[in-house]
Amino acid sequence: MSLEERPKTIALLSGGLDSATATAIAIEQGHNVIGLSFDYGQRHKRELEAAKLLANHLKLIEHHIIDINLSTWGGSSLTDLNESIPKTGVLPGVIPNTYVPGRNTVFIAIGLSLAEARNAKQLVLGINAMDYSGYPDCRPDYLDEFQKLANLASKAGREGNGIKLLAPLIHWNKIQIVQEALRLDIPIDLTWSCYNGDTEECGLCDSCRIRNEALQSVRSLNNSKTH
């Protein structure tokens, strides 16, 4: 199959490890991937630089960064500098203040618009088990219901060619994601997961902690296999 004949996929590429891995999976499956990132007023804009580097490394056929400033009304520690980033870990049954109201709903809607305009058949997201333990818009039932909406709300869907919402990591934990990223030769050092907006990762926020613990666990597993 020539490059032009490959099916197109839109990938929501934040610049983090999860979205990079989901994007690489789509590429491995033979898709021409268009990356879609968002400048939504997040304090950690450093992730957008990571998204650019990853888009170049993965040789995406297009990469769009959309400006949609959700910090105008805040409601999250990621978009409101007056709120503190939590460092206490993910508490069962509690939605953390890093949840951004409506973020994924907005992102997926824009992704579906781009997919339909580009005649792409899939929209790939990096949401996973660690995400949906805390965030309502990362859960399997949310994705299932949004798929129904996508089929109803688009020309492609009404004509029976609906755009599929895919979350290949949906049931994976962070260790599994790190292992897959390594298998796919993703340069993990190019990715950015920290919630804080500094030039260096803080190592203290929940995102840093979960990522670093997974990296350490995978290193330990790999070391044990070599001895």
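The backbone N, Cα and C atoms fix where each Cβ goes, and this holds for glycine too.
Straight from Swiss-Prot, the features:
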type    : residues                                                                    : note
BINDING : LEU13, SER14, GLY15, GLY16, LEU17, ASP18, SER19, ALA20, THR21, ALA22, THR23 : ATP binding site
BINDING : CYS194, CYS202, CYS205, CYS208                                              : Zn(2+) binding site
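Features as recorded by Swiss-Prot, highlighted on the structure.
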| residue | record | Cβ contacts under 8 Å, 6 or more apart |
| --- | --- | --- |
| LEU13 | ATP binding site | SER19, ALA20, THR23, GLY35, LEU36, SER37, ALA51, LEU54, ALA55, LEU60, HIS63 |
| GLY15 | ATP binding site | SER37, ARG46, GLU47, LEU48, GLU49, ALA50, ALA51, LYS52, LEU54, THR191, TRP192 |
| LEU17 | ATP binding site | ILE177, VAL178, ALA181, ILE186, ILE188, THR191, SER193, ARG211 |
| THR21 | ATP binding site | GLY126, LEU169, ILE177, GLU180, ALA181, LEU184, ILE186 |
| CYS194 | Zn(2+) binding site | HIS44, ARG46, GLU201, CYS202, GLY203, CYS205, SER207, CYS208 |
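In sequence order, ILE85, SER193, TYR195, ASN196, GLU201, GLY203, LEU204, ASP206, SER207, ARG209 are the same-chain residues whose CB sits within 8 A of the CB centroid of CYS194, CYS202, CYS205, CYS208, the residues recorded for Zn(2+) being left out. Under DSSP, CYS202 (Zn(2+) binding site) is assigned to coil, being neither helix nor strand in the three-state scheme. Look at the Cβ of each of the binding-site residues SER19, THR23 and count the other Cβ atoms within 10 Å; the largest number goes with THR23. Taking the Cβ of CYS208 (Zn(2+) binding site) as centre and 10 Å as the limit, one finds 18 other Cβ atoms among all the protein chains shown. For the ATP site, the Cβ centre of LEU13, SER14, GLY15, GLY16, LEU17, ASP18, SER19, ALA20, THR21, ALA22, THR23 serves as reference, and the other residues of the chain with Cβ at most 8 Å from it are LEU54, GLY126, THR191. Shown are the binding-site residues CYS202, CYS205; the one with the most C-beta atoms within 10 angstroms of its own C-beta is CYS205.
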